[in-house]
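Annotated active site, proton acceptor per TrEMBL: His145, in sequence order. For 43-47, 53-55, 125-128, 217-218, 241-243, Cys261, the entry in TrEMBL reads NAD(+) binding site. Per TrEMBL, the feature Zn(2+) binding site maps to Cys153, Cys156, Cys177, Cys180. According to TrEMBL, the compositional bias 'Low complexity' annotation covers 325-335, 355-371. For 15-275, the entry in TrEMBL reads domain 'Deacetylase sirtuin-type'. What TrEMBL records for 324-379 is region 'Disordered'.
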Amino acid sequence: MGQEVSAVPETTKPENLSERSLPAVADYIKSGKARKVVVLTGAGISTAAGIPDFRSPETGLYANLAALELEEPEDVFSLPFFKENPKPFYVLAKDLYPGKFHPTISHVFISLLATKGLLYQLFTQNIDCLERAAGVPADLIVEAHGSFASQRCIDCKTPYPDDKMREHVSRAEVPHCEKCNGLVKPDIVFFHENLPSLFFDRRHMAEEADLILVLGTSLTVHPFAGLPDLAPFEVPRVLFNMERVGSLGSQPDDVLVLGDCDTGVRQLASALGWREELEAEWRKLVGDEEADRQLEGSSKRQVELHDEVSQLVHDVDKVLHVHDVSSSGSSSPSPEAVAEKEPIAATQQEVQQNESASVKESVETTTTTLTEEVKVSGA
Ligand code: OAD
(Lines of atoms letter the chains of each structure in order from A and count residues from 1; the text may use other names and numbers.)
(Lines give C-alpha, C1' and ligand atoms only; values in the text may rest on other atoms or scores of the structure.)
Protein backbone atom coordinates (compact mmCIF):
# COMPACT_ATOMS: atom_id res chain seq x y z
CA MET A 1 0.00 0.00 0.00
CA GLY A 2 1.27 3.41 -0.92
CA GLN A 3 4.42 1.86 -2.28
CA GLU A 4 6.50 4.19 -4.45
CA VAL A 5 7.92 2.66 -7.61
CA SER A 6 9.43 4.06 -10.77
CA ALA A 7 9.66 2.72 -14.30
CA VAL A 8 12.34 5.29 -15.19
CA PRO A 9 15.89 3.88 -14.89
CA GLU A 10 17.34 4.55 -11.41
CA THR A 11 20.24 6.40 -13.00
CA THR A 12 17.98 8.97 -14.73
CA LYS A 13 17.97 12.02 -12.50
CA PRO A 14 14.73 13.99 -12.05
CA GLU A 15 14.88 17.58 -13.27
CA ASN A 16 12.75 19.32 -10.65
CA LEU A 17 12.46 16.87 -7.78
CA SER A 18 15.45 15.97 -5.60
CA GLU A 19 14.39 12.32 -6.04
CA ARG A 20 11.33 10.36 -7.17
CA SER A 21 9.61 10.08 -3.80
CA LEU A 22 6.71 11.57 -1.86
CA PRO A 23 8.98 13.44 0.59
CA ALA A 24 10.67 15.04 -2.44
CA VAL A 25 7.23 16.01 -3.83
CA ALA A 26 6.41 17.53 -0.42
CA ASP A 27 9.71 19.49 -0.46
CA TYR A 28 8.90 20.73 -3.97
CA ILE A 29 5.51 22.00 -2.75
CA LYS A 30 6.95 23.48 0.46
CA SER A 31 9.66 25.30 -1.48
CA GLY A 32 6.92 27.26 -3.28
CA LYS A 33 7.69 25.76 -6.70
CA ALA A 34 4.20 24.27 -6.97
CA ARG A 35 1.79 27.19 -7.21
CA LYS A 36 -0.39 25.70 -9.94
CA VAL A 37 -1.37 22.21 -8.94
CA VAL A 38 -3.66 20.42 -11.39
CA VAL A 39 -5.50 17.41 -9.99
CA LEU A 40 -7.08 14.70 -12.17
CA THR A 41 -9.48 12.24 -10.58
CA GLY A 42 -11.46 9.14 -11.50
CA ALA A 43 -13.74 6.59 -9.89
CA GLY A 44 -10.96 5.05 -7.72
CA ILE A 45 -10.99 8.11 -5.48
CA SER A 46 -14.57 7.27 -4.42
CA THR A 47 -14.40 3.49 -3.90
CA ALA A 48 -13.62 3.94 -0.18
CA ALA A 49 -16.87 5.93 0.02
CA GLY A 50 -18.71 2.80 -1.20
CA ILE A 51 -19.17 3.73 -4.87
CA PRO A 52 -17.98 1.05 -7.29
CA ASP A 53 -15.53 2.06 -10.01
CA PHE A 54 -15.97 0.84 -13.59
CA ARG A 55 -13.08 -1.42 -14.51
CA SER A 56 -11.69 -3.07 -11.37
CA PRO A 57 -11.85 -6.80 -12.12
CA GLU A 58 -13.70 -7.89 -8.94
CA THR A 59 -15.82 -4.92 -7.99
CA GLY A 60 -16.03 -2.73 -11.12
CA LEU A 61 -19.43 -1.95 -12.57
CA TYR A 62 -18.56 -2.84 -16.17
CA ALA A 63 -16.63 -5.91 -15.08
CA ASN A 64 -19.78 -7.23 -13.41
CA LEU A 65 -22.34 -5.96 -15.91
CA ALA A 66 -20.41 -7.97 -18.50
CA ALA A 67 -22.19 -11.04 -17.15
CA LEU A 68 -25.55 -9.68 -18.34
CA GLU A 69 -27.22 -9.71 -21.72
CA LEU A 70 -25.81 -6.40 -22.80
CA GLU A 71 -23.76 -6.29 -25.95
CA GLU A 72 -21.21 -4.14 -24.10
CA PRO A 73 -21.47 -3.21 -20.42
CA GLU A 74 -20.70 0.39 -21.43
CA ASP A 75 -24.08 0.36 -23.27
CA VAL A 76 -25.74 1.54 -20.08
CA PHE A 77 -23.95 4.85 -20.73
CA SER A 78 -24.62 5.01 -24.48
CA LEU A 79 -27.30 7.18 -26.07
CA PRO A 80 -28.66 4.70 -28.65
CA PHE A 81 -29.13 2.09 -25.91
CA PHE A 82 -30.68 4.69 -23.57
CA LYS A 83 -33.19 5.71 -26.26
CA GLU A 84 -34.15 2.09 -26.68
CA ASN A 85 -34.19 1.15 -22.99
CA PRO A 86 -33.51 3.89 -20.41
CA LYS A 87 -34.51 1.70 -17.47
CA PRO A 88 -31.10 0.09 -16.71
CA PHE A 89 -29.51 3.53 -16.50
CA TYR A 90 -32.16 4.68 -14.02
CA VAL A 91 -31.68 1.56 -11.94
CA LEU A 92 -27.99 2.46 -11.60
CA ALA A 93 -28.81 6.15 -11.10
CA LYS A 94 -30.97 5.29 -8.09
CA ASP A 95 -27.96 3.83 -6.33
CA LEU A 96 -25.30 6.21 -7.59
CA TYR A 97 -27.29 9.43 -7.12
CA PRO A 98 -25.42 12.05 -5.05
CA GLY A 99 -26.42 12.48 -1.42
CA LYS A 100 -25.94 8.89 -0.25
CA PHE A 101 -22.16 8.94 -0.08
CA HIS A 102 -19.52 10.88 1.84
CA PRO A 103 -16.16 12.24 0.69
CA THR A 104 -12.97 10.30 1.28
CA ILE A 105 -9.81 11.78 2.71
CA SER A 106 -8.49 12.10 -0.85
CA HIS A 107 -11.41 14.41 -1.75
CA VAL A 108 -10.70 16.51 1.34
CA PHE A 109 -6.98 16.68 0.45
CA ILE A 110 -7.95 18.38 -2.84
CA SER A 111 -10.10 20.81 -0.88
CA LEU A 112 -7.12 21.52 1.41
CA LEU A 113 -4.97 22.30 -1.64
CA ALA A 114 -7.62 24.86 -2.62
CA THR A 115 -7.70 26.34 0.89
CA LYS A 116 -3.94 26.78 0.73
CA GLY A 117 -4.25 28.56 -2.62
CA LEU A 118 -2.37 25.83 -4.50
CA LEU A 119 -5.16 24.21 -6.52
CA TYR A 120 -5.06 25.58 -10.05
CA GLN A 121 -7.79 23.29 -11.41
CA LEU A 122 -9.42 19.97 -10.67
CA PHE A 123 -10.57 17.86 -13.60
CA THR A 124 -12.81 15.02 -12.49
CA GLN A 125 -14.40 12.22 -14.46
CA ASN A 126 -16.72 11.44 -11.58
CA ILE A 127 -20.41 12.18 -11.50
CA ASP A 128 -20.77 11.72 -7.75
CA CYS A 129 -20.15 15.41 -6.88
CA LEU A 130 -17.98 14.35 -3.90
CA GLU A 131 -15.30 16.93 -4.67
CA ARG A 132 -17.94 19.65 -4.23
CA ALA A 133 -19.17 17.94 -1.08
CA ALA A 134 -15.60 18.04 0.23
CA GLY A 135 -15.54 21.80 -0.21
CA VAL A 136 -13.56 22.25 -3.42
CA PRO A 137 -14.82 25.59 -4.82
CA ALA A 138 -17.09 25.12 -7.84
CA ASP A 139 -15.03 27.49 -10.00
CA LEU A 140 -11.98 25.23 -9.59
CA ILE A 141 -13.79 22.10 -10.78
CA VAL A 142 -14.27 20.82 -14.31
CA GLU A 143 -16.71 17.91 -14.29
CA ALA A 144 -15.40 16.50 -17.53
CA HIS A 145 -18.06 13.80 -17.84
CA GLY A 146 -20.88 15.99 -16.55
CA SER A 147 -22.83 15.35 -13.38
CA PHE A 148 -26.22 14.64 -11.87
CA ALA A 149 -26.54 18.35 -10.98
CA SER A 150 -28.89 19.11 -13.90
CA GLN A 151 -30.95 17.26 -16.50
CA ARG A 152 -32.88 17.87 -19.70
CA CYS A 153 -34.97 16.31 -22.45
CA ILE A 154 -32.81 14.49 -24.99
CA ASP A 155 -35.09 15.69 -27.83
CA CYS A 156 -36.14 19.31 -27.22
CA LYS A 157 -33.43 19.98 -24.58
CA THR A 158 -35.89 21.58 -22.14
CA PRO A 159 -34.46 21.44 -18.60
CA TYR A 160 -36.36 19.20 -16.19
CA PRO A 161 -37.05 20.28 -12.56
CA ASP A 162 -34.59 19.03 -9.90
CA ASP A 163 -37.26 17.98 -7.38
CA LYS A 164 -39.13 15.86 -9.91
CA MET A 165 -35.88 14.32 -11.07
CA ARG A 166 -34.98 13.38 -7.50
CA GLU A 167 -38.40 11.74 -7.03
CA HIS A 168 -38.10 9.72 -10.23
CA VAL A 169 -34.54 8.61 -9.50
CA SER A 170 -35.46 7.57 -5.95
CA ARG A 171 -38.00 5.16 -7.50
CA ALA A 172 -35.75 4.21 -10.44
CA GLU A 173 -38.47 5.57 -12.74
CA VAL A 174 -37.79 7.12 -16.13
CA PRO A 175 -38.76 10.82 -16.27
CA HIS A 176 -40.34 12.28 -19.41
CA CYS A 177 -40.20 15.84 -20.70
CA GLU A 178 -43.11 18.03 -19.57
CA LYS A 179 -43.12 19.74 -22.95
CA CYS A 180 -42.68 17.03 -25.60
CA ASN A 181 -42.74 13.78 -23.57
CA GLY A 182 -39.18 12.94 -24.70
CA LEU A 183 -36.81 11.03 -22.44
CA VAL A 184 -35.05 13.02 -19.73
CA LYS A 185 -31.37 12.34 -19.05
CA PRO A 186 -29.05 13.89 -16.45
CA ASP A 187 -26.31 16.04 -17.98
CA ILE A 188 -23.87 13.15 -17.75
CA VAL A 189 -21.70 12.66 -20.82
CA PHE A 190 -22.57 9.38 -22.51
CA PHE A 191 -20.22 7.65 -24.95
CA HIS A 192 -19.85 9.58 -28.23
CA GLU A 193 -21.43 12.71 -26.75
CA ASN A 194 -19.53 15.96 -26.55
CA LEU A 195 -17.78 16.85 -23.34
CA PRO A 196 -18.85 20.11 -21.67
CA SER A 197 -17.29 23.16 -23.33
CA LEU A 198 -15.66 24.03 -19.98
CA PHE A 199 -13.39 21.02 -20.43
CA PHE A 200 -12.00 22.45 -23.67
CA ASP A 201 -11.93 26.02 -22.33
CA ARG A 202 -9.78 24.96 -19.38
CA ARG A 203 -7.76 22.10 -20.82
CA HIS A 204 -4.83 24.49 -21.35
CA MET A 205 -4.50 24.73 -17.55
CA ALA A 206 -2.93 21.27 -17.57
CA GLU A 207 -0.23 22.69 -19.87
CA GLU A 208 0.41 25.49 -17.37
CA ALA A 209 0.60 23.24 -14.31
CA ASP A 210 3.75 23.04 -12.19
CA LEU A 211 2.57 19.83 -10.52
CA ILE A 212 0.08 17.21 -11.69
CA LEU A 213 -1.60 14.81 -9.26
CA VAL A 214 -3.52 11.88 -10.78
CA LEU A 215 -5.79 9.88 -8.46
CA GLY A 216 -7.89 6.75 -8.98
CA THR A 217 -8.32 6.53 -12.74
CA SER A 218 -7.49 3.92 -15.35
CA LEU A 219 -6.91 6.72 -17.90
CA THR A 220 -8.72 4.71 -20.58
CA VAL A 221 -11.33 7.25 -21.64
CA HIS A 222 -10.41 10.10 -23.98
CA PRO A 223 -9.99 13.00 -24.22
CA PHE A 224 -9.59 13.11 -20.40
CA ALA A 225 -6.86 10.46 -20.52
CA GLY A 226 -4.61 12.83 -22.50
CA LEU A 227 -4.53 15.52 -19.81
CA PRO A 228 -1.45 14.30 -17.88
CA ASP A 229 0.54 14.43 -21.11
CA LEU A 230 -0.22 18.09 -21.77
CA ALA A 231 2.13 19.24 -19.02
CA PRO A 232 5.71 20.07 -20.00
CA PHE A 233 8.07 17.08 -19.80
CA GLU A 234 9.92 18.28 -16.68
CA VAL A 235 6.80 18.99 -14.61
CA PRO A 236 6.47 16.49 -11.73
CA ARG A 237 3.50 14.14 -12.03
CA VAL A 238 2.38 11.95 -9.16
CA LEU A 239 0.09 8.94 -9.64
CA PHE A 240 -1.92 7.64 -6.67
CA ASN A 241 -3.54 4.50 -8.05
CA MET A 242 -3.82 0.76 -7.56
CA GLU A 243 -1.96 0.22 -10.82
CA ARG A 244 0.31 2.05 -13.20
CA VAL A 245 -1.77 3.77 -15.93
CA GLY A 246 -1.28 5.88 -19.05
CA SER A 247 2.20 7.29 -19.52
CA LEU A 248 2.72 7.88 -15.81
CA GLY A 249 6.09 6.55 -14.75
CA SER A 250 7.78 7.21 -18.08
CA GLN A 251 9.18 10.67 -17.31
CA PRO A 252 12.09 11.58 -14.98
CA ASP A 253 9.90 13.54 -12.55
CA ASP A 254 7.07 10.98 -12.37
CA VAL A 255 6.39 9.48 -8.97
CA LEU A 256 4.22 6.36 -8.82
CA VAL A 257 2.46 5.75 -5.52
CA LEU A 258 0.81 2.41 -6.18
CA GLY A 259 -1.89 1.20 -3.80
CA ASP A 260 -4.92 2.69 -2.13
CA CYS A 261 -5.01 6.43 -2.89
CA ASP A 262 -6.16 7.39 0.61
CA THR A 263 -3.01 5.80 2.03
CA GLY A 264 -0.80 7.61 -0.48
CA VAL A 265 -2.52 10.93 0.15
CA ARG A 266 -2.07 10.50 3.91
CA GLN A 267 1.65 9.90 3.33
CA LEU A 268 1.95 13.07 1.26
CA ALA A 269 -0.02 15.04 3.87
CA SER A 270 2.33 13.77 6.60
CA ALA A 271 5.39 14.78 4.59
CA LEU A 272 3.85 18.24 4.11
CA GLY A 273 3.04 18.59 7.83
CA TRP A 274 -0.67 18.81 6.95
CA ARG A 275 -1.76 15.42 8.27
CA GLU A 276 -3.46 16.54 11.49
CA GLU A 277 -5.33 19.32 9.73
CA LEU A 278 -6.42 16.96 6.96
CA GLU A 279 -7.70 14.25 9.31
CA ALA A 280 -9.53 16.83 11.43
CA GLU A 281 -11.20 18.44 8.39
CA TRP A 282 -12.26 15.08 7.07
CA ARG A 283 -13.72 13.86 10.38
CA LYS A 284 -15.54 17.16 10.85
CA LEU A 285 -17.09 16.75 7.42
CA VAL A 286 -18.09 13.08 7.42
CA GLY A 287 -18.43 12.34 11.15
CA ASP A 288 -16.62 9.72 13.22
CA GLU A 289 -18.89 6.83 12.28
CA GLU A 290 -18.37 7.27 8.53
CA ALA A 291 -14.66 7.99 8.99
CA ASP A 292 -14.24 4.77 10.97
CA ARG A 293 -16.26 2.84 8.37
CA GLN A 294 -13.97 4.10 5.59
CA LEU A 295 -10.91 3.29 7.70
CA GLU A 296 -11.93 -0.32 8.30
CA GLY A 297 -9.69 -2.90 6.70
CA SER A 298 -9.66 -2.73 2.92
CA SER A 299 -10.79 -6.36 2.70
CA LYS A 300 -14.00 -5.48 4.55
CA ARG A 301 -14.52 -2.52 2.19
CA GLN A 302 -13.96 -4.85 -0.77
CA VAL A 303 -16.73 -7.13 0.54
CA GLU A 304 -19.06 -4.13 0.95
CA LEU A 305 -18.30 -2.95 -2.58
CA HIS A 306 -18.78 -6.46 -3.91
CA ASP A 307 -22.22 -6.66 -2.24
CA GLU A 308 -23.14 -3.21 -3.55
CA VAL A 309 -22.19 -4.02 -7.11
CA SER A 310 -23.85 -7.47 -7.02
CA GLN A 311 -27.09 -5.81 -5.92
CA LEU A 312 -26.79 -3.22 -8.69
CA VAL A 313 -26.15 -5.89 -11.30
CA HIS A 314 -29.08 -7.91 -9.99
CA ASP A 315 -31.36 -4.86 -10.27
CA VAL A 316 -30.17 -4.07 -13.81
CA ASP A 317 -30.62 -7.72 -14.72
CA LYS A 318 -34.22 -7.61 -13.52
CA VAL A 319 -35.15 -4.69 -15.80
CA LEU A 320 -33.25 -6.19 -18.74
CA HIS A 321 -35.18 -9.40 -18.19
CA VAL A 322 -38.49 -7.53 -18.27
CA HIS A 323 -37.38 -5.78 -21.46
CA ASP A 324 -36.16 -8.99 -23.08
CA VAL A 325 -39.34 -10.90 -22.30
CA SER A 326 -41.52 -8.22 -23.82
CA SER A 327 -39.35 -7.75 -26.91
CA SER A 328 -37.72 -11.08 -27.72
CA GLY A 329 -38.80 -13.58 -25.13
CA SER A 330 -35.24 -14.48 -24.19
CA SER A 331 -34.35 -14.86 -20.54
CA SER A 332 -31.50 -13.46 -18.45
CA PRO A 333 -29.25 -15.40 -16.12
CA SER A 334 -30.33 -15.63 -12.49
CA PRO A 335 -28.60 -13.32 -10.01
CA GLU A 336 -26.85 -16.37 -8.58
CA ALA A 337 -25.51 -17.25 -12.01
CA VAL A 338 -24.41 -13.65 -12.44
CA ALA A 339 -22.57 -13.70 -9.13
CA GLU A 340 -20.84 -16.92 -10.08
CA LYS A 341 -19.57 -15.66 -13.43
CA GLU A 342 -15.91 -14.80 -13.71
CA PRO A 343 -15.30 -11.06 -13.72
CA ILE A 344 -13.78 -9.83 -16.95
CA ALA A 345 -10.20 -8.74 -17.10
CA ALA A 346 -9.06 -5.57 -18.87
CA THR A 347 -9.75 -5.92 -22.58
CA GLN A 348 -6.99 -6.11 -25.12
CA GLN A 349 -8.19 -2.76 -26.39
CA GLU A 350 -7.70 -1.22 -22.96
CA VAL A 351 -4.23 -2.69 -22.66
CA GLN A 352 -3.34 -1.24 -26.04
CA GLN A 353 -4.82 2.07 -25.00
CA ASN A 354 -2.60 2.19 -21.95
CA GLU A 355 0.43 1.34 -24.02
CA SER A 356 -0.47 3.86 -26.70
CA ALA A 357 -0.99 6.54 -24.10
CA SER A 358 2.70 6.38 -23.27
CA VAL A 359 3.43 7.70 -26.74
CA LYS A 360 3.66 11.45 -26.34
CA GLU A 361 2.19 12.19 -29.80
CA SER A 362 -1.00 10.39 -28.90
CA VAL A 363 -2.10 13.23 -26.66
CA GLU A 364 -2.28 15.71 -29.51
CA THR A 365 -5.78 14.37 -29.76
CA THR A 366 -8.60 15.76 -31.84
CA THR A 367 -11.13 13.85 -29.78
CA THR A 368 -14.04 15.96 -28.60
CA THR A 369 -16.49 13.22 -27.69
CA LEU A 370 -16.23 10.67 -24.93
CA THR A 371 -14.52 7.61 -26.35
CA GLU A 372 -12.51 4.64 -25.28
CA GLU A 373 -10.52 4.76 -28.50
CA VAL A 374 -7.19 6.50 -28.58
CA LYS A 375 -7.09 9.05 -31.37
CA VAL A 376 -3.58 9.90 -32.45
CA SER A 377 -2.61 13.22 -33.92
CA GLY A 378 -4.50 14.01 -37.07
CA ALA A 379 -6.61 10.87 -36.81
P1 OAD B 1 -12.03 3.06 -13.91
O2 OAD B 1 -12.90 2.10 -13.21
O3 OAD B 1 -11.78 2.84 -15.35
O4 OAD B 1 -10.61 3.11 -13.19
C5 OAD B 1 -10.50 3.26 -11.80
C6 OAD B 1 -9.02 3.14 -11.42
O7 OAD B 1 -8.90 3.40 -10.04
C8 OAD B 1 -8.43 1.76 -11.68
O9 OAD B 1 -7.14 1.91 -12.20
C10 OAD B 1 -8.40 1.14 -10.27
O11 OAD B 1 -7.34 0.21 -10.12
C12 OAD B 1 -8.17 2.34 -9.42
N13 OAD B 1 -8.68 2.26 -8.04
C14 OAD B 1 -9.83 1.71 -7.59
N15 OAD B 1 -9.97 1.91 -6.26
C16 OAD B 1 -8.85 2.60 -5.87
C17 OAD B 1 -8.40 3.11 -4.61
N18 OAD B 1 -9.09 2.97 -3.49
N19 OAD B 1 -7.20 3.75 -4.60
C20 OAD B 1 -6.46 3.90 -5.73
N21 OAD B 1 -6.85 3.46 -6.93
C22 OAD B 1 -8.04 2.82 -6.99
O23 OAD B 1 -12.63 4.52 -13.64
P24 OAD B 1 -12.32 5.87 -14.42
O25 OAD B 1 -10.91 5.93 -14.87
O26 OAD B 1 -12.84 6.97 -13.59
O27 OAD B 1 -17.55 7.52 -17.84
O28 OAD B 1 -13.26 5.69 -15.70
C29 OAD B 1 -13.33 6.68 -16.68
C30 OAD B 1 -14.73 6.77 -17.25
O31 OAD B 1 -15.14 5.50 -17.72
C32 OAD B 1 -15.79 7.16 -16.26
O33 OAD B 1 -15.88 8.56 -16.06
C34 OAD B 1 -17.04 6.61 -16.86
C35 OAD B 1 -16.54 5.33 -17.48
O36 OAD B 1 -17.14 5.01 -18.67
C37 OAD B 1 -18.89 7.77 -17.79
O38 OAD B 1 -19.65 7.19 -17.10
C39 OAD B 1 -19.37 8.86 -18.67
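Numbering starts at 1 and runs along the chain as displayed.
Each Cβ is built from the backbone N, Cα and C atoms, and glycine gets one as well.
The structure, with features from TrEMBL marked on it.
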residue : record                       : Cβ neighbours (10 Å)
Ser46   : NAD(+) binding site          : 27
Phe54   : NAD(+) binding site          : 21
Asn126  : NAD(+) binding site          : 22
His145  : active site, proton acceptor : 23
Cys153  : Zn(2+) binding site          : 20
Cys156  : Zn(2+) binding site          : 11
Cys177  : Zn(2+) binding site          : 18
Cys180  : Zn(2+) binding site          : 11
Thr217  : NAD(+) binding site          : 29
Met242  : NAD(+) binding site          : 16
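The recorded positions recorded for this entry are His145, Cys153, Cys156, Cys177, Cys180, and the Cα of His145 lies nearest to that of Ala43 (NAD(+) binding site). Across the structure, Ser46 (NAD(+) binding site) and Cys153 (Zn(2+) binding site) are spaced 29 Å apart at their Cα atoms. Reduced to three states, the DSSP call for Cys153 (Zn(2+) binding site) is strand.
The residue listed as 'active site, proton acceptor' and Met242 (NAD(+) binding site) have their C-alpha atoms 22 Å apart, to the nearest angstrom.
Using the Cβ center of Cys153, Cys156, Cys177, Cys180 for Zn(2+), the list of other same-chain residues with Cβ within 8 Å runs, in sequence order, Arg152, Ile154, Asp155, Lys157, Thr158, Glu178, Lys179, Asn181, Gly182, Val184. Between the alpha carbons (Cα) of Asn126 (NAD(+) binding site) and Cys156 (Zn(2+) binding site) lies a span of roughly 26 Å.
Looking only at the binding-site residues Cys153, Cys156, Cys177, Cys180, the one with its C-alpha closest to Thr217 (NAD(+) binding site) is Cys153. On the backbone, the CA of Cys156 (Zn(2+) binding site) and the CA of Phe54 (NAD(+) binding site) stand 31 Å apart. Among the binding-site residues Ala43, Ser46, Cys153, Cys156, Cys177, Cys180, the ones whose Cβ sits under 6 Å from an atom of ligand 1 are, in sequence order, Ala43. If you take the Cα of Cys177 (Zn(2+) binding site) and the Cα of Met242 (NAD(+) binding site), they are about 42 angstrom apart, rounded to a whole number. Cβ neighbour count for Ala43 (NAD(+) binding site): 22 (other Cβ atoms within 10 Å of its Cβ, all protein chains included). Taken as a whole, the domain 'Deacetylase sirtuin-type' (15-275) shows an average pLDDT of 94 in this prediction. Thr217 (NAD(+) binding site) falls within neither a helix nor a strand when secondary structure is assigned with DSSP, and so counts as coil. Across the structure, Phe54 (NAD(+) binding site) and Cys153 (Zn(2+) binding site) are spaced 26 Å apart at their Cα atoms. Between the C-alpha atoms of Cys180 (Zn(2+) binding site) and Met242 (NAD(+) binding site), the distance comes to 46 Å.
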